[in-house]
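I have placed the structure first, in the form of structure tokens, so that the comments after it can refer back to it.
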Amino acid sequence: MNNKFLFFLLGPTCVGKTNLSLKLFNYFPLEIINIDSSMIYKFMDIGTGKPCIDVRNKFRHHLIDIKNPMDSYSVWDFCFDSFNIIIDCLNRYKIPLFVGGTMMYAWYLQFFLKSLNEDFFLNYKLTSKIYSFYKKIKFKISFVNIFLLPFNKNVFYCKIKDRVWNMLDCGFLNEVIFLKSEFDINLNLNFNSFKSIGYKDLLFYLNGKMNFIDAVDSIIKATFRLADNQLKWTKKFSNNSFFIENKERFFLKECVKIINLYV
């Protein structure tokens with residue numbers, strides 16, 4: 001059975017994953033599979049840092065804008081959707097590159113793929129549809145994890161602050177106003193989509209429950225916590241994991257070198 005590699009470009013928010021992934025198209029026949037749980041939702045573009053539509057038209061992306069904000073989407077939905085995309089990409093001789101910061105999705109997907117066998121389907125009582133996907137595999141799947149890590153934590157935190165203010169300059173508040181009116185968010189704060197950082201804070205501001213500066217400060221602090229949690233998740237991965245801690249301008253060179261070891 002041939003060995004096929006899946007590549008995961010992971011790291012905390014605001015470290016440069018998206019920009020780096022687009023540069024890699026100049027070196028490899030890639031297709032990007034989004035691994036950010038917020039980017040799956042339509043109409044939530046600015047607050048999630050979603051690549052613009054022009055970029056996505058030029059470079060093939062999967063699992064972006066696949067759900068409305070009121071829809072549910074679980075980690076297992078992600079695993080099953082990813083599995084189908086992986087098979088399709090590999091059969092077309094494309095390299096699947098997972099890009100994002102939802103580490104839990106990455107960890108469970110790898111667990112899911114490593115666990116696939118006859119007993120797994122019996123134990124988890126998975127559907128015949130998923131089993132039919134499993135039967136399509138004509139190769140062994142392995143993983144290569146590439147983690148981008150901030151070179152200097154103080155500089156990194158300053159970048160997070162700048163990014164939050166830049167999102168606001170680009171219309172983040174107007175995006176929340178649209179969601180509030182279109183989907184009656186006031187009655188549905190438990191939407192998974194609205195648990196994405198910043199949206200609830202700006203809704204509280206719009207409803208008079210928080211002043212603007214406090215809302216922005218809350219977004220920045222929540223982003224700090226997210227980044228710290230993402231960094232902790234990197235310790236849970238093993239086997240074929242590479243950690244790039246150099247300054248951002250070295251990310252591309254190191255990443256190309258790593259991928260070339262396996263293709």
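Just so it is clear, glycine is given a Cβ too, placed from its N, Cα and C backbone atoms.
Lifted from TrEMBL, the feature list:
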type	residues	note
BINDING	G11, P12, T13, C14, V15, G16, K17, T18	ATP binding site
BINDING	T13, C14, V15, G16, K17, T18	substrate binding site
REGION	36-39	region 'Interaction with substrate tRNA'
SITE	T102	site 'Interaction with substrate tRNA'
Q. Are there residues at least 6 beyond the ends of the region 'Interaction with substrate tRNA' (36-39) whose Cβ is under 8 Å from a Cβ of it, and what are they?
A. 47-50, 63-65, 73, 78, 99-102, 105, 192-193, 196-197
Q. Within 10 Å of the Cβ of K17 (ATP binding site), how many other Cβ atoms can be counted across all chains shown?
A. 23
Q: Enumerate same-chain residues with a sequence separation of six or more from P12 (ATP binding site) and a Cβ-Cβ distance below 8 A; give 'none' if the list is empty.
A: G101, L149, P150, F156, L226, A227, D228, Q230, L231
(Q) Long-range neighbours only, meaning 6 or more apart in sequence with Cβ under 8 Å: which ones does T18 (ATP binding site) have? (A) G49, P51, V99
Q: Drop a 10 Å sphere on every Cβ of the binding-site residues G11, G16 and tell me which sphere holds the fewest other Cβ atoms.
A: G16
Q: Provide the three-state DSSP residue tally for the region 'Interaction with substrate tRNA' (36-39): helix first, then strand, then coil.
A: 0 helix, 0 strand, 4 coil
